[in-house]
């Protein structure tokens, strides 16, 4: 099945452009019946914060993404949540543009890797909105 998403740029707050771009990548890679928001509070790492061990492959995608953003901040002095970048969604993959080592390219590669990981990982309904105090220590 092919999902078609009509995305308008008029309502994008500039300070959150990267999050919009990441959301668009996720929409491109996940199954049609899912929404990007279903990934925002999943497991121990998908969403704000994170602790403990990832509970499955999908949660591991978010764990790796958190660490990738952490490296971008610490090693490269980037701000991943506001950093915009150039990319293309084409032929079932995502292409990041920009010179290697630039903040835009580093953050794009973090988001690209995670979005593709989401597309290749099973979504387990029981891992949405879990009790993180109990399962993520």
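From the backbone N, Cα and C atoms, a Cβ is placed for every residue, glycine too.
As recorded in Swiss-Prot, the features of this protein are as follows:
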SIGNAL    1-9  signal peptide
DISULFID  44-136  disulfide bond
BINDING   45, 47, 49, 66  Ca(2+) binding site
DISULFID  46-62  disulfide bond
DISULFID  61-117  disulfide bond
ACT_SITE  65  active site
DISULFID  68-110  disulfide bond
DISULFID  78-103  disulfide bond
DISULFID  96-108  disulfide bond
ACT_SITE  111  active site
Structural state of residue 46 (disulfide bond), classified by DSSP into three states: strand
Residue 66 (Ca(2+) binding site) and residue 44 (disulfide bond), distance between Cα atoms, whole Å: 11
10 Å Cα neighbourhood of residue 46 (disulfide bond): matching recorded positions from 65, 66, 111: 65, 66
Among 62, 65, 111, 117, which are recorded as recorded positions, the nearest neighbour of residue 96 (disulfide bond) by Cα: 111
Inter-residue C-alpha distance, residue 45 (Ca(2+) binding site) and residue 136 (disulfide bond) (nearest angstrom): 9
Alpha-carbon spacing, residue 111 (active site) to residue 47 (Ca(2+) binding site), which is rounded to whole Å: 14
Residues flanking the Ca(2+) site, with Cβ no more than 8 Å from the Cβ centroid of 45, 47, 49, 66 and excluding those residues themselves: 44, 46, 48, 50, 62, 63
DSSP three-state assignment for residue 66 (Ca(2+) binding site): helix
Sparsest-packed of the listed binding-site residues (47, 49) - C-beta count within 10 angstroms: 49
Distance [Cα-Cα, Å, rounded] between residue 66 (Ca(2+) binding site) and residue 103 (disulfide bond): 16
